[in-house]
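TrEMBL has this to say about the protein:
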{"type": "DOMAIN", "residues": "190-231", "note": "domain 'EGF-like'"}
{"type": "DOMAIN", "residues": "232-273", "note": "domain 'EGF-like'"}
{"type": "DOMAIN", "residues": "274-313", "note": "domain 'EGF-like'"}
{"type": "DOMAIN", "residues": "314-357", "note": "domain 'EGF-like'"}
């Protein structure tokens, strides 16, 4: 609104607008509306909308510029940016950047910055005098006018450069290589290089030639015509594998041969002989020389060290995985060997040096049994046994001073007259037998240890009826390690006592067995067999 509070449209007040404010932009009278530049009238004849000059192709953008439409107008934008040293202006033009003015140059203190299109130059502050030129670092260096200028001197003169200038001298006679002026200075004569102060052939024979010389090189050298020197011949490279058996090393004027480890140079200086390292005793025990080397080995009971391959270390046979099976009881390692030992009492070492043999104290009379006791040998010891028959029983046979595994002490019933209790007692006999068993063993099947034989025919009938035998374990079956079965052998009944599992640790027990005779009328009596079982450790 203007200062009078009246809206202005097209430069005229609404009060003066003949179109009465219906036009967006300009009213030209008679209710006719027009639009400002960059706009077009809509079909309603009142509102205006933007003209897209880029779409209609009415923009004036140059080649390389892209048209971008704006409200009521458009603008042109460069498709490619300006190069290094230039910047884009508001008019879409590339303008040079003055690096000197903006201070983005890298000129040193000895230089001044001088701007150029798209770049800049560093101009030295110090100005060089005549005859000098500045290098890239700003230093003044001499100009060689004799080179940079074409014929600076007159004909018949030679140019000599000086610092900052040059001089011209009259030309004199120049002799070629290998010649020099005579004393008169009128002609060139040959120089005898072989007689000069310098040893041109360095110890080799020198032969003078016109304008030159040559060297007669010693054996092992070749004359180089370019350097005019005697150069060493590398025989090892020229004749590979033909001079030395092993290694060839070049030397001045010759060569020398050497051998690899394990060999000595032969008398001819070329071949190699095998070195017998065993003569210096490198091994701790045994040494075997081989071609170009040697091999250490050890005696039985030792093994070669993995560290140096020369020292022999003792093998601890007792610690080997099979060490537990070397000795039956205890293994003792010794340097280079081992020995086995047995328990202190009851055993002795077998002839093979590994197994332990039980000492039969009953045979060697090393027991302490009295006259009234019987000696029974067990593994690793013995037992002194004495047996008295129960009342109303008497022993059959004499007591032996030494009992074997198969021996049996038997007591049969012997009743006093009128002793009805004895007569009615069904037990006819009480027997004692003995057995020695080892401790822990692996059982694949039961082991038969005691046989109770009868005289009763199997499957036979008597005038009183059928006859049978029954076997039982009454007492002493510790850990149920034993059982008893009945079977027929040679037509009679036999009771077989079996060990069905192992017993751990030394122990003793008495298996009380009963053998009862059975008829169809009932029991006709029984026999008691006491099996004395001694379980001890076996060292086989």
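The backbone N, Cα and C atoms fix where each Cβ goes, and this holds for glycine too.
Tertiary proximity for the domain 'EGF-like' (314-357) is limited to same-chain residues at least six positions away from its ends with a CB under 8 Å from its CB atoms, namely 299-303, 379-381, 539-540. Each residue of the domain 'EGF-like' (190-231) gets a DSSP state, and the totals for helix, strand and coil are 3 helix, 18 strand, 21 coil. Within the chain carrying the domain 'EGF-like' (190-231), a Cβ under 8 angstroms from the stretch's Cβ atoms is held by residues 176-180, 252-254, all 6 or more beyond its ends. Each residue in the domain 'EGF-like' (274-313) has a pLDDT score, and their mean in this model is 92.
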